[in-house]
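Q: Questions regarding the structure given below will be posed in turn.
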Amino acid sequence: MKMFLTALRLAERTVLVAILLGMVALFALNVLVRQWGGPMAAELAWIDETVRLMNLFLVFLSAGLALERGRQVAVDTWRDRIAARTGLPLRRIIDIVGCLFSLYIAWMALTMARFVFSTGQRSPTLDVPIGYIYLAPALGFALLALRYALSLAGVVHRFNTPEPEEIAQ
Amino acid sequence: QEFTAKIGNLEAPQAVINQMIEKVGDLVSERTDGAVEFQLFPSGQLGPQREMTEAVQLGTLEATVAPIAFLGGFNPEASIVDIPFLYPADETAAQEIRAGEFGTALCESFESRGTHCVGLWPNGRKQFTSNTSMEDMDAFQNQTFRVMESSILQAQMEALGATAVPLPFGELYTALQTGVVEGQENPLDTIFNMKFHEVQDYLLVSNHGVIENVILFNPMFWDSLPEEYRATITEAFAEVIPELIEKKAEAGEEALQVIRDSGTEVRELSEEETAAFRAAMYAPAREAYLDRAGTAGQTLIDLYEEAYATATQ
Amino acid sequence: MILIAAICALAVLLLVTGFEMLLVLGLPTLVVKEGFFAALPDAVLAQKMTGGINQSLLLAIPFFLFAAELMGEGQIARRLTTLVRAFVGHLPGGMGYTTIGAAMGFGSVSGSAPATVAAMGHIIYPELRRTGFPEKFSLGLIVSSAETALLIPPSIALIIYGWLSGTSIASLFVAGLGVGVVLGLAFAVMVALQARRSGVRGDPRPSRFELWAAIRGAGWAMGMPLIILGGIYGGIFTPTEAAAVSCAYAIFVECVVYRKLGFGGLVRVTERAAIATGVIFILLAMGSLLSYFITLAQIPGAIIAGFEAIEGGPITFLIVVNVIFIIAGMFVDPNSIQLILVPPLFPVATALGIDPVHFGMIVAVNVTLGMVTPPFGLDLFVASSQLNRPVTTIIQGIWPFILANLVVLLLITYVPGLSTLLPRLIL
Ligand code: NA
Ligand code: NA
């Protein structure tokens, strides 16, 4: 499990860094060519669409990593106080709900991707199947669901403040 | 009511197209005794055209009235309307082509794409605007024009020696103002609505491209309608076309007047020039079209060229 | 009606019990979908989520986030702040005014308030704190100053209004500049008051030698604003492209010129920017999903119809407009608000004799306000994620600014000259 997680994290981080640097390089190239490349600019019409596609993957593929690092935005000011007062295992509830929700959205995204692949819709400049854009949320929410599940199982500790019993250990 | 059709459209509520959809909705409601109602979502409230078309296929939207220029990804054959100078200048001759065998085949090409085509609607012609004079065809050399994402439109600009730059529509006003691109192409009322004349010095009334809209319904919804309601809807969309053409022309005239008064220099393409522009632009654009649309495109273009020859005799 | 209240209550419950914001927005939307639109295929959820962020105009956000991270990690930010400090550091509260000025300057290239918060936030925040501004005030100041990006041209928000209403965009841009400055001045007054209250001290006045050293030290760093401003106003690139070019320039300067940022550092910074982008965009995705169902349910139409029952002249109408926009702005993203609300309200406004440019400014100020009003004010979350502070702290800091904003809104609403004078003089 530990090795799998390490490999997964490395893969996620590599892809994210490559995507963002690639987006910058493509847009900068586009500007350079339009300014000094003359009619070559028309050859680069695919850049805007490509960068948009890369951004989609950047956004969704970072979701799981962000959750694991406690970076997904939450108003957690009152969470532990409410949990203590009501005796509800709030952190577990959040993990379970988050996992189910993410799985469902991942499934719907996959459904959407399959549907769009089946209609044969293609992108205007890259001329690739549009279905790919829905693979981004499908993958991203699957990764998010995995992190919620791992947090529930206690494999990753994503909450900014440790639980009282964790401090004791 | 028994049936409610949500209809998505990109244009602002006051645009001619939306007024006409509303009118069709009234006619349909009246003739079906209120059994079928249209619910309009203009100005891209439900998303950009690509998403609306996808939603019609998926069944989350019952219908959309869409510029075919946005549908190349769904139906490459339909991109034939991107080819410049497709229809003759005379609107009656143009309607003849649209209502004839070619128009029918174009409409039918949407049937295998998970949509039901109810008809084609004309929505004006594109004109060129620029900050560099366009006094003759040579003046286009080395100018940069923003066009929509389409290889056919790129070929069209290359044929004039100009460079086609695809930019997002929302950034176009500022890009024209600061000079990222020199010019763009759009119908008169769009130029006026988007206030491009505020940041453009020259307008060439070239009528070089048609903006053709297609009325697409979700097939499941369409099949759920009783036969008579389907006929009522199809007829209502068809019967308002003359009024649509007339209103569109009026809107164009009004827009042109305002654009003239704003100090933008307006020039109209003469008949001979139109012929010369068509001679230069049609063939390269046609080739770019066939590159993508393949043999099905060849069939459609044969039909078109026959219809064009008849209509311009 | 009861069901809608129940759904709002669910959202609030999820919010206070510490669910991630993506769940706070997503789960109630799912309930609305199943409750009211059960016939629609659920795949629409994935479609609207993806569509909401698959837009060219949003690309400025990741790029400006990245540029800010690069500048902050490397030398550019430090040298630029040294330069600014050399000139305004000795004034009490000088850093506060600089925040507003920098936001307005940045706003003159970017039409995106979140991009402005992202780009300036963690460069300026430590400086504000260092000179003695309290935590909450500093956070509130950064977030609200960024609003001016939506008013100062170029502004996508104003272009959308111009298109929907048929108003001259040139006039809107000039008016937006005026209103942006008024808003900036209002915030400046707050800085002056706060500086006195917390006894914000000034640095000792720098010597000529120190000034010169700061200017020389900023050489390459000064290229950053110069390239962005010069490139856009010189017609070389669009604002979105400027954001990407600024990243390329920052990488070049930090890695090649200053050589303080090595390969490992670059990778680390890129990864941070990527995750920050993801955190913001997933909220944008959920927000557009929510906006979609609000549009589909035609809730705004129902609210407007409810208010139409109130008979009254322009003064009452404008109060109603402001209330509707403020309520909508709490939940819906700025572009969607306009698409939904401007078409039905604009004809009423013109019928009551309200100038289209004036009405546009009222709409624009409302829309910018929506970026910072809880519960769904994107800028609040951007700041929270960028500066690593709880959203609740930022909300506590923003309240006084929202009040100042409302005062400006009232001024703009009832003094049409503030909006219409400048376009008349210049155009
Ligand atoms: Na701006
Ligand atoms: Na808000």
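Note that Cβ sites are derived from N, Cα and C of the backbone, with glycine treated the same way.
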Q: Of the ranges C:2-21, C:242-261, which one does TrEMBL flag as transmembrane segment?
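A: When C:2-21, C:242-261 are checked in TrEMBL, transmembrane segment belongs to C:242-261.
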Q: If you check TrEMBL, which stretch out of C:107-129, C:360-382 is marked transmembrane segment?
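A: Checking TrEMBL against the ranges C:107-129, C:360-382, the transmembrane segment one is C:360-382.
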Q: Are there three or more C-beta pairs under 8 angstroms joining the transmembrane segment (C:394-415) and the transmembrane segment (C:314-332), sequence spacing 6 or more?
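A: As far as Cβ distances go (cut-off 8 Å, pairs 6 or more apart), the transmembrane segment (C:314-332) and the transmembrane segment (C:394-415) touch.
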Q: State, in range form, which of C:137-163, C:214-236, C:242-261, C:360-382 has the highest count of Cβ pairs under 8 Å to the transmembrane segment (C:53-71).
A: C:242-261
Q: At a C-beta cut-off of under 8 Å, are there same-chain residues at least 6 beyond the transmembrane segment (C:360-382) that contact it? List them, or none.
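A: Counting only partners 6 or more residues beyond its ends, the transmembrane segment (C:360-382) has Cβ contacts under 8 Å with 11-12, 15, 21, 24-25, 113-114, 117-118, 121, 143-144, 146-148, 150-151, 155, 157-158, 161-162, 165, 167, 172, 175-176, 179, 183, 279-280, 283-284, 287, 290, 318, 321-322, 325-326, 328-334, 337-338, 341-342, 391, 394-395, 398, 401-402, 405-406, 408-409, 412-413, 418-419.
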Q: Against which stretches of its own chain does the transmembrane segment (C:242-261) lie, if we need a Cβ under 8 Å and a gap of at least six residues from its ends?
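A: Residues packing against the transmembrane segment (C:242-261) from afar: 59-60, 63-64, 66-67, 70-71, 73-76, 109-110, 115, 220-221, 223-224, 227-228, 231-232, 269.
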